[in-house]
Amino acid sequence: MKLTCVVIVAVLLLTACQLITADDSRGTQKHRALRSDTKLSMSTRCKSKGAKCSKLMYDCCSGSCSGTVGRCG
């Protein structure tokens, strides 16, 4: 019972610390990471909007291949 209480208190304390730290650092990040879709388009060859694509290959820069013919959206 004591161990359970200690674990609960520890989790609550760590959660509170995370929330306080996250609130204090909001908007202070200098070098933000690129979004994953931007990284994908910069690191691999991908097809632009309107190009033919394969729904199984995920080869569109936008990430979406739609339609019956398969065009990048």
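Each Cβ is built from the backbone N, Cα and C atoms, and glycine gets one as well.
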> Swiss-Prot pairs CYS53 with one of CYS5, CYS17, CYS65 in a disulfide bond, so which one is it?
Replying inline: CYS65
> Which one is it, CYS46, CYS60, that Swiss-Prot ties to CYS72 with a disulfide?
Replying inline: CYS60
>> Restricting to the chain of CYS65 (disulfide bond) and a gap of 6 or more, list residues whose Cβ falls under 8 Å of its Cβ, or answer none.
In response: CYS53, SER54, LYS55, TYR58, ASP59, ARG71, CYS72, GLY73
>> Around the C-beta of CYS53 (disulfide bond), how many further C-beta atoms are within 10 angstroms, looking at every protein chain?
In response: 23
> Given the disulfide-bonded residues CYS46, CYS60, CYS61, CYS72, and counting only Cβ atoms in the protein chains shown, which has the most within 10 Å of its Cβ?
Replying inline: CYS60
